Structures are given as structure tokens and as C-alpha cells.
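Here the structure comes first, spelled out in C-alpha cells, and everything after it is commentary.
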Amino acid sequence: MDYKETLNLPKTEFPMKANLQTREPEMLKKWEEDDLYQQIRSKSAGRPKYVLHDGPPYANGNIHIGHALNKILKDIIVKTRTMMGYDSPYIPGWDCHGLPIEHKVEVELREKRKQLVKSEIRKLCREYANKYINIQRDEFKRLGVFGDWEHPYITMDFPYEAIIMREFGKFVGNGGVEKRLKSVRWCISCETALAEAEVEYENHSSPSIFVKFALSSDPSAIAPELAGKAVSVIIWTTTPWTLPANLGIAFHPDFTYVAVEVGGETFIVAEALLEDLTKRFGWQNCAVLAKFAGAKMEHLECRHPFIDRASKCVLADYVTLDQGTGCVHTAPGHGQDDYNTGLKYGLEIYAPVDHQGKFTSDVERFAGMQVFAANKPIIELLKQLGVLLGTEKIEHQYPHCWRCHNPVIFRATAQWFVILEKNDLRQKALQEIRNVRWIPEWGQDRIYSMVENRPDWCLSRQRNWGVPIVALYCEQCGEILLKQEIVDFVAQKVETGGADVWFDLPLEELLPPGTKCEKCGSVSFRKETDILDVWFDSGTSHAAVIEPKMPELPWPVDMYLEGTDQHRGWFHSSLLEAVGTRGKAPYKSVLTHGYTVDEQGRKMSKSLGNFVAPQDVIKQYGAEILRLWVSMEDYTTDISISMDMMKRIADIYRRIRNTCRYILGNLSDFDPAKDAVRYDEMLEIDRWALHRAQLLTQRVWKAYEDFEFHIFFHAFHNFCVVDMSAFYLDVLKDRMYTAKATSKVRRSGQTAMYEILNAMVTLMAPILSFTAEECWGYLAKDGKSVHLQDFPKVNPNWMDETLNARWEKLGDIRSDILKQLEIARQNKEIGLSLDAQIEVYASGETLTLLRQFEKDLADICIVSAATVYGDETPIPGDAIRSEAVPNLAVKVAKAAGEKCPRCWHYQTNIGQNAAHPDLCASCADAVS
């Protein structure tokens, strides 16, 4: 007889092969057809709110692996909070204005762009952004991210543009916005000013030069020893092109400076740098004539080396002794520190460079020349004039435009600024930073330092695609008209017509009746042509997305989550915007993640060949593998990824899937409503398994609450592989397969497995969203989504630390016995472990424990027979003493008796049942 048919072998349609590439899209379609997101909203109605506000990705190009990391992290948080019992809506958004899209459109237009008016370029930019919103929306949904995808927020939507304008108007109303001539970062390729957040530091090669400026003031004012001497101050710079704009030389008031005589000339440098300069210039017989504090130089004058004007000596605390000469070339039109010093000393804010980075006619010798190209001829001129003491090339970190990656310059232009000292904005923002929870904690110090030391916020951009700055210039007297009521009046028009109305409609249709110049009374104006910084656009999202839906959405929201670069980006602009208009940060907590890098820690780059596209991972392995990758990495540092890593994670996924599949297979004939066994009637090992499941639930709740998803992964994976597969399910197999199908011992195991799988599937749903849904369909069989469930609560009645401690010790003993069985197998003494019987010799606590489990020990170790001997029995010479467990020795031998063809155990009671003469007693009973 074939006894296989009498066994309770696992049966399930849950497939072993995940086939995620096919199955995931099918599930996405079902979720959409079922309107699952709205089902979740309905089920969560009335619960406490938890809102993660989406930082808008830029609507340009396909999503990359950084986008995938970011969106999956957000999705995990939203799903965990939902299943914890919160109402956690998620409204995705897109950032649409700005230079990158405008640049792409211009590249596509080529020469045709010169023939188009501003409104036509703006129309093409809008179409371009819409195209990529639709592409990215599909790509984000493919990751399994839940959200209100049909109603996202989009910064170029007309109502949103109107809110941007009104938020600007609030700064206007409180006096926080001014137009100033100020030295700002300027991209000569993009032809626009840049904010702090739009600059990245990259390696750059620059000329390093030392130049002497002859002192024109009486040197005896510094020290009597210098009377009648020809004295020069030596400056150092890595931007020779700024020398035409030099108007001063800065000294630190407290540093000691020296006047040294070399070869008939006298030079002034910082004393601390003299030794280095002496070696650099090869000075011989260098004599120190005088020592003095930098403060002595204040208000003296030098002669510019090649322009007929004075260069004033000034004092500044930012002068350092790190390198150079301690005497700092100062051009107020080409540097932030220089600008501030220029204001203090009444120097002209002079920048003879146009918007394309070319010298104007003010600098006749170099007019029309691009500034970086001018470095070489300026150095040649200095050499000819005999004022160049040294030159070399240096590699250093230099600011570059974050979009075109070309080096930027500082250039004084008239720009619109949010003034951080107005209304105490800087100090209020710093205070609010202290009131926010930063994850990880170092994020607080990072953004605090940035806000504390940043310049005023440059709001204006000299481009086409964005929200206009609503300001007017009187045609009669040139006075600026900037009023909140005018901004709000225009915003009403924008609400229905979009920001294009500012560019397309005549002024008389845009201004409130009676608008006139407050200085001369004229009614003739021209419009401001600058647009707002796109960081202002996204920084107002709290006002555009959250506030209109209060109290449905709380303000401030619970969390902002982005990459660490957003400390100077969206976190920063949102903070300043909200504090400037509402006096409070728009978020309660901020979570940041690192960058994606390869396994060597290198930045992702197509040129390095280490670029991993999420689309490629999905195509080969499925989105579930990306989701598992996000959960297993510590996102607070840079996160490595490669296709090899994805292969390894796919193997881990298979082990988790197979654990679920095995349990499902053993539940095919189990109805929890009818077949469940009461906890106090369950076998002890099954109660131990339930205890372990409670520990897992406890750890996972804590990991989710603390946003430590890598702790979830390790706890969950360890539970599947160690607690379940390597121990509990391994021990349980014989009972599940061979016991009578309806017996209490089998139902006890099934009860435990049902509760364990129920916990596993719900706990993993926020991360393995597709697999959890698939598995839930086979487990619950009610047609509802796992994503409509709540996490299981820890059942204190199933927690038993005493029982757990006993089984922990027993697990150690079992591990030692399994090692001895493996040795016997390698020595070909046995084949399967059921071919063996074991003799276990113990004393003390180990013996006490083994006596309690003696009748179950064979099943626990998956052998045919086990005998326990105590102190009264000598340990035979061929028994192997344990190195890991005290007072334990094990002897493995070939099992006695005959092999039962049904359970494969060797038994001495085969044939006792006449109806089944070839079966052991327990199997004969099971099939009767």
C-alpha cells in the first residue's frame, strides 16, 4: 500500500515561485479596481491623525534609485501608522517650476526659442512637467506606494500658484521682503541668481596667486621704523578675475603682522605665515623691521596694481591664518564677506561683470571677456608690472551650480531678499528648530548651524518658468511699488488664470482701482520680470496642501522625510516660510536618509557603470525586493546598492516566502473558528512558539514606532529562519504529517501556526506589501485586503518567560545533538537523522531539564529514539562530551527496530496492529 496518501502533506495554491514581475502588476490593478486607498481612508475615519507630508520630487525625468528609497520609506511609515491605529492619509506632490525644466525645453527648441515669447515658453514648460508627472506617478505606484494619486498637489496648478503668491504677499505685508544690491551666487551658464540650497561644492582647479599692493599712505603711521620705506602689502587670491573689482584689503585686528625687508623691498604679511612665505618665495636675508597689530592698518590706503584708484585697508574677523598672507583681497561686489565689509566701510558695491559672466566696458582692458577666461591675461599683466610674487595651480572645493554643474561666481546685482533679521526671523527659526524632533538627532545641529550662519534668502530669479514677483516700478520716478494688497489682488486672478496672467494681461487688468505711485502719484508702471525661487514654491506646500484641509489634516504635520541634502533645501525653506508667516515650524518631526551609493561607497554614476535603476530591479526581481532592501538598510547613513546585492536579497525574500508557504500548506484543512485548541490545552512547544511570536510582535511594534526598519528586518528574518524554519517547523513536521488529521496534537500545532502566520503577514505588510496581500488571501479567505487590518497586539496571556527560558536551554542541547548527528552522517553511520537513536548523559540542571522532556526528546531532535541517563550511569567512552552545554554527553547509534514505511521512524512495535501489519503503532492508529 502507498501510505503517502494517508499523510497530511502540505497543500496550498500559494506558489513557491513568486513571479513578482507578473504578479505585482496584477495586484496593483486589483487595488485600483477595489479603490483600496479610499477603503483605508474610510476604515481609518475618526482615528487619531498621523500625517507625513510629501516633499515634492521635481517633475523632470524618470525616477531614480534615490526616489525609490525615499518613496518606499514614506510608504512604510504611512502604512505602519495606519496599521497601528492612526488615520494616516498620504497626498503625493510634484515640484514643477524652475530652471531644469526651462533648460530642457530650451535645448529641445534650439534656435527656435529666440522666436518665442515668454508665454509660449511657459506653455511648453507646463506640458513638459505634466508629461513627467504622469510618468513618475506610474513609476511610484509600481513600487507599491499607496496614496491619493488621483488628487496630488502640483506646484504649477493655478490655485497652488495663487497660494505661493499670497505667501509672498505675507512677507511683503510684514516688511520682511526688500530689494537690495547685494553680492549673490550667480550661475553664468543659467544666467540667474542662486540660493544657498542651489549650490554644490565640487573639486575645481584654480590659479593661486600672490600680488603686492604698494602702500600709498605714510608707513610711519604703522611703525616709526618704516618711515621713508617703500612698503607693499602682499595679498593672496584664487580668483584673479576679481582683481579689477578690488577696493580694499582686509586685516584681522588682533593678529600680529610684520614688516619684513627683502632685497631692498618691504612687505607686510601675518607673522604666523612668514616662515611659509619665506620658503615659498625663496627669500634670503629676510629682516623683520616691525611688528604690529592688524588694527594699525585700518583706514590706510594702498594703490591698485593696474587700475588708477586706491585700495582701502579695512578690518575683518573672518581673516584666517590657514593659508595665504593674512591680508585678504576685498571686492565688495564679488563676495558675501567682502560685501558686508564694504557696507561697513562705505566701499562701493562694484561688480563690473554682466549676467553672462563677461566684463563690462567699465574694465576697458578686459571688456567682453568671460571672467574665468580672463584669469590668464590678468596674471600676465601682473607679471609684466612686476607685482606678481608667485603663482601655482591648486585643487580645492569650489561652488558649482547644482543643475548645470558649472562653477558659479559671486556678483553684486539688485535682487529681492527675505531679510532674516527683520521680525527676528532668524532667531525665531532657531528656536523652532529646538522644538522639532530630528531623526537622526544630529540633523538638529546641522540645520541649526545652516540657519544661524546663512545670508538673507535671495528670492528672485532671472528666468521665465515660475511664479512672478508681484512688484511694480514707477515709469515716472522709478520708485518701487510693493504692497500686499496688490499681491493679493493679482493672486485672485492667478487662482483661475494661472501665473501666466502676470505676463499676458495688461497692467490695468491686474491692479486694484486707484493704484498710483506713492512718491510722485503717477499711474504708469512697468512690471517686475523676475520670478520666485522654486524653493519658495515648495516651501509653501504646508500652506497650499495642509492648511486648506484643516482639521482633516493637522498643522503642523507630524513628519517631513527627505534626503539629508534637504537640511539646506526643503526642510530649510519650509521652516523659514512657515516661521516668517506663522511664527512656527510646519512640522513636528523631521527624518532624513542618506544617499544611495555602490558597495564601495561611491556615488551612483553611469560613467562608473555602478548605476542601479529601480526599473531594472523591478524588471528582474520585482518591486518587493526593492522594498525589502529599504527595510534592511540603516537609512541614517549612505545606503549601498548593486544588482549583486539585489540577488542576495531575493534569496532572503525566498526564505521568508517559503516559511509563509509551508505554514499555509499545513493549514489547508484548518478552520480557526472550529478547530482551534485552547491555549492551556496546547502542547508546550506550541505555546513556546506563540511566546516567540509575541516577542516578535513586541520588537516589530517598537521598531516601527522608532522608525528603525532595519531592526524590524533582522527580527523578522531571524524569526523566520531561526525560530521557525530551523527549529519549530522542523520539529513540528512529523506531527503535522503523520498524526491523525483531526487529533488534538495536530490541531494544537495548527492553532499555533495560524496565529503565528496571522501575525507575520500583518506585521510584514507595510514592507512586503505585495506578498503580504497574496498570503493574506489564502489565510483569511474573506476577500478583504491585509492593508485593512491592524497590527496584532501583544497577548500577555501567551507570554511565558519561564517556559521560554526552558526551551532556550533545550534549544542549546538540541543544537549540540544535531552536531553529533551531522558527524555520524558524514561518517556514513546514518543517512537521515531518523536512522539514529541517541543516548544522552547528563547531570545537574541539564539532567533535570532533560527528564522533563524525555518522552518528547526524540521528536525534538528528529531521531527514532532517545534515552536520558543520569549520574548513576557511567558515560561510555564513545559518547562525545559537549563543549557548549555543561554536564552533557551524547552517543549516536543506528536505531533499533524496523523502519515504518509511513513515518520513517525505526520502531520495535511494528506489526502489532493486524489491520496494518507493516506500520508502527502510532501510524496504525492514525490511519484506522
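Note that Cβ sites are derived from N, Cα and C of the backbone, with glycine treated the same way.
Per TrEMBL, L-isoleucyl-5'-AMP binding site is recorded for GLU562. The Cβ of GLU562 (L-isoleucyl-5'-AMP binding site) lies under 8 Å from the Cβ of GLY55, ASN70, GLY569, TRP570, PHE571, THR592, HIS593, each on the same chain and at least six residues away in sequence.
The ATP binding site annotation in TrEMBL covers LYS606. The Cβ of LYS606 (ATP binding site) lies under 8 Å from the Cβ of no residue that sits 6+ residues away along the same chain.
Annotated Zn(2+) binding site per TrEMBL: CYS900, CYS903, CYS920, CYS923, in sequence order. Neighbour density for CYS903 (Zn(2+) binding site): within 10 A of its CB lie 21 other CB atoms from the protein chains shown.
Among the features that TrEMBL reports, domain 'Aminoacyl-tRNA synthetase class Ia' is placed at 27-642.
Feature annotation from TrEMBL assigns domain 'Methionyl/Valyl/Leucyl/Isoleucyl-tRNA synthetase anticodon-binding' to 686-839.
What TrEMBL records for 57-67 is motif ''HIGH' region'. Sequence-distant neighbours of the motif ''HIGH' region' (57-67) (same chain, 6+ residues past either end, Cβ-Cβ under 8 Å): 94-96, 98, 100-101, 104, 128-130, 132-133, 135-136, 139-140, 154, 563, 595-596, 604, 612-615, 641.
Apart from CYS900, CYS903, CYS920, CYS923, the Zn(2+) site neighbourhood in this chain, defined by C-beta within 8 angstroms of the site C-beta centre, holds THR738, PRO901, ARG902, TRP904, HIS905, GLN907, ILE910, LEU919, ALA921, SER922, ALA924.
DSSP gives CYS923 (Zn(2+) binding site) a helix state. Across the motif ''HIGH' region' (57-67), the DSSP tally of helix, strand and coil residues reads 3 helix, 1 strand, 7 coil.
Using a 10 Å radius centred on the Cβ of CYS920 (Zn(2+) binding site) and all shown protein chains, the other Cβ atoms total 28. Sequence-distant neighbours of CYS923 (Zn(2+) binding site): residues of the same chain at least 6 apart with a C-beta under 8 Å from its C-beta are TYR3, THR738, CYS900, ARG902, CYS903, HIS916.
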